[in-house]
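Chemist: So Swiss-Prot has the following annotated:
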type	residues	note
ZN_FING	22-142	zinc finger
BINDING	CYS48, CYS51, CYS82, HIS90	Zn(2+) 2 binding site
BINDING	CYS74, CYS77, HIS94, HIS103	Zn(2+) 3 binding site
CROSSLNK	LYS140	SUMO2 cross-link
DOMAIN	195-825	domain 'USP'
Amino acid sequence: MGKKRTKGKTVPIDDSSESLEPVCRHIRKGLEQGNLKKALVNVEWNICQDCKTDNKVKDKSEEETEENPSVWLCLKCGHQGCGRNSQEQHALKHYMKPRSEPHCLVLSLDNWSVWCYLCDDEVHYCNSNRLGQVVDYVRKQAGNTTPESAEDNGNIELENKKLEKESKNEQEREKKENMARENPSMNSTSQITVKGLSNLGNTCFFNAVMQNLSQTPVLRELLKEVKMSGTIVKIEPPDLALTEPLEINLEPPGPLTLAMSQFLNEMQETKKGIVTPRELFSQVCKKAVRFKGYQQQDSQELLRYLLDGMRAEEHQRVSKGILKAFDNSTEKVDEELKNKVKEYEKKKSVPSFVDRIFGGELTSTIMCDECRTVSLVHESFLDLSLPVLDDQSGKKSINDKNLKKTMEDEDKDSEEEKDNDSYLKERNDIPSGTSKHLQKKAKKQAKKQAKNQRRQQKIQGKVLHLNDVYAIDHPEDNECEVEMSLQREADIKSNHISQEEVAPKEYCVNQKDLNGHEKMIESITDNQKSTEEAAMKNVSVDNDLEVLASSATECPRNLNGAYLKEGSNGEVDISSGFENLNLNAALQPDEINIEILDDDPTPGTKVYEVVNEDPETAFCTLANREAFNTDECSVQHCLYQFTRNEKLRDANKLLCEVCTRRQYSGPKANMKGERKHIYTNAKKQMLISLAPPVLTLHFKRFQQAGFNLRKVNKHIKFPEILDLAPFCTLKCKNVAEEHTRVLYSLYGVVEHSGTMRSGHYTAYAKTRTASTHLSNLVLHGDIPQDFEMESTKGQWFHISDTHVQAVPTTKVLSSQAYLLFYERIL
């Protein structure tokens, strides 16, 4: 007995020492060597038993014979059935039959790989001596059996027919290849085949995204143009006196772009059934180190890093081309050369291939209720992150209301004690897991620090009053605190919290970051400079910015240190002293592009501009948006919530410069020059003003609940044909006149199954003929005028790493979508 125990203990150690791959737990129950040897006596190899009994082998069409579905051998009973890629899927049906013991282990008779249906993963039989011996035995039996040993003449005739059909199919393939060589245009518009992708180690998040990008033919077309050597681009001069545009010669694309092009070509042209995207993934890891280490990652973040990385390489190509063009001329002064290069970089009108395919534009419209002045701000996007509300959101909103009430009561008490105090009004998201006791304790500590701060200000004798960051207010008393009104614009990029889950809060002279720590905003005098940096980690807040001014003024999100200059009349001028202070160091520069406004705002700066817009039509859309069922959990409802009309009231009022100028202009102006800012009620809405050729939608299923992250598993309905017109502005740029529909066709889905800690990403991709409308829109800018039905037809496939299976459309629409890929058809 002792020997048996020691032997039983050493077996798992030996198995685990062979490889780091986990051993399948179902080998013992799913493997029956005795039954298998009996079943393999005088057996016909590579023929599905069920198809043979149904007389479907002899009636196969030429197309089905050409596909030649793989046959899987059950290691429990020796049953041979066609794989899941076939039409009948007899091997899978054999496993699904109810039995006392599972028939879960199957062996592929094509490549001799073992698959476990229960684990839904490949089993490496080198890890198990018993499984390896069985596979070797089966291979020997299959090798010893020859067609001559078959006594049935019908089988020989069947094999002869197969050989004849295969020869005919080879001749047809050669004809098709010759036709494709003669007509390269036909080859470009043909359907892209679906191939599996090798898992490099928890890289299913990467494989699922790449499967959908590989089914984007226009991306492959543009990458061919990018790779062309000697590409010359013309850039209009920034100075009107110069009439000739600058011609620049672009360098070869960057390593990430080249790896992407190589991957797409391999997916299209290789004859292998499985592609290993090792080079592309390594280039992504070089751009974003966070994806190293073979950990579970987020598919949407991977997509953003990939697109941003390729776009940055394209911008770098143009910048280097401009610099080389000036180096070849007679320019010698370095300072002048730098200034000219910067001017041309601002003027450059060469959008990258990423923006041409995935780029769209959002327009935020805000209107003052008093003067009805309309102002706009434009912001580009590569994807839209849509909020997903679940049943727990109602409970959280109730807790937020109670928390808000207690915070407002404390603020009222502090106002009675300090008449001249000003408050930092900031919309912030308080984790629901934080207790009220901790909130009150932190509040008291902040008040004590504020008292000490005011004492220091009395000693110094000079007090600075910051009113909404950019304007100066004369302090009536020496006991004034910093007043800042920070407002955040909705982040249409990745990972942000829903607007429903954010309630306005007021804090007394403190700023609270997402980790729950409070940092005081120190008073700044002419003898000291201070910078306060609030780091936002892991989660970015998507609170809506209250607009500080409707006429080309906005509170900066990036203020890197405040420098003060004392005026001649004793006032402190800070309007020209703010530089970029990064309040969100975790985000990339491309993701948030709000800077302080000066006299010469740079391109890309997010500026609210006053426009002569009719207030009656400023918030109109291309199509009626009131026909949606608000109770329905669908992608249309998520878009409706994302673009819903908001009212700025109470603490979220608009600081209107037009109303302020009207109030304090003329004889009403104060002799001392003092002017109080006028806050008014306003209306705000964000709509799509440029519909992208390829629309990418992201459902924010991963949300923060207290100090933890959770996943929302609610099913969201999404259609095959999506009309984006109810969410577009009335003057949408790339929509034909008098068109009231902006139609998109679904061609890709990324699904996340499982939980936050142990989940799996798979892809649904549709093979179809390439859309001529989409190619003309991206390549030539031609707006589609009519509906193209052919682009909506195709075959859906479900891809889980290396395994590809044809599925019906109903299964795609019932999946738990995380990313949706739509292409423009009208």
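Every residue gets a Cβ built from N, Cα and C, even glycine.
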Chemist: Using Cα coordinates, what distance in whole Å links HIS103 (Zn(2+) 3 binding site) and the residue listed as 'SUMO2 cross-link'?
Modeler: 22
Chemist: Of these binding-site residues, CYS51, CYS77, which scores lowest on Cβ atoms within 10 Å?
Modeler: CYS77
Chemist: How big is the Cα-to-Cα gap, in Å, between HIS90 (Zn(2+) 2 binding site) and the residue listed as 'SUMO2 cross-link'?
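Modeler: Here the two Cα atoms are 25 Å apart.
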Chemist: Which residues, same chain and not among CYS74, CYS77, HIS94, HIS103, have a CB within 8 angstroms of the centroid of the CB atoms at the recorded Zn(2+) 3 site?
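Modeler: Apart from the listed residues, the neighbours are LEU75, LYS76, GLY78, HIS79, GLY81, TYR95, VAL106.
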Chemist: For CYS51 (Zn(2+) 2 binding site), what is the secondary structure by DSSP, using just helix, strand and coil?
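Modeler: Note: CYS51 (Zn(2+) 2 binding site) is helical by DSSP.
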Chemist: Of the recorded positions listed here (CYS48, CYS51, LYS140), which is spatially closest to CYS77 (Zn(2+) 3 binding site) when Cα positions are compared?
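Modeler: Going through CYS48, CYS51, LYS140 one by one, the Cα closest to that of CYS77 (Zn(2+) 3 binding site) is CYS48.
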Chemist: Spatially, which candidate from the recorded positions CYS74, HIS94, LYS140 is nearest to CYS51 (Zn(2+) 2 binding site), comparing Cα atoms?
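Modeler: The smallest Cα gap between CYS51 (Zn(2+) 2 binding site) and any of the recorded positions is with HIS94.
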Chemist: How long is the line from the C-alpha of HIS94 (Zn(2+) 3 binding site) to the C-alpha of CYS48 (Zn(2+) 2 binding site), rounded to the nearest angstrom?
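Modeler: With distance taken Cα to Cα, CYS48 (Zn(2+) 2 binding site) is 11 Å from HIS94 (Zn(2+) 3 binding site).
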Chemist: Across all chains shown, how many C-beta atoms besides its own are within 10 angstroms of the C-beta of CYS82 (Zn(2+) 2 binding site)?
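Modeler: For CYS82 (Zn(2+) 2 binding site), the 10 Å Cβ neighbour count is 23.
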Chemist: For CYS74 (Zn(2+) 3 binding site), which of these recorded positions sit within 10 Å, Cα to Cα: CYS48, CYS82, LYS140?
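Modeler: So the list reads none.
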Chemist: Give the mean pLDDT for the domain 'USP' (195-825) on the 0 to 100 scale.
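Modeler: Here the mean pLDDT over the domain 'USP' (195-825) amounts to 69.
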Chemist: Could you count the residues of the zinc finger (22-142) that DSSP puts in helix, in strand and in coil?
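Modeler: Residue counts for the zinc finger (22-142) by secondary structure: 46 helix, 17 strand, 58 coil.
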Chemist: Including all protein chains shown, what's the count of other C-beta atoms within 10 A of the C-beta of HIS94 (Zn(2+) 3 binding site)?
Modeler: 21
Chemist: Please work out the number of neighbouring Cβ atoms within 10 Å of the Cβ of CYS48 (Zn(2+) 2 binding site), leaving out its own Cβ.
Modeler: 24
Chemist: Mind checking which of HIS90, HIS103, LYS140 has the fewest other CB atoms within 10 A of its CB? They're the recorded positions.
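Modeler: Each of the recorded positions HIS90, HIS103, LYS140 was scored; lowest Cβ tally within 10 Å is LYS140.
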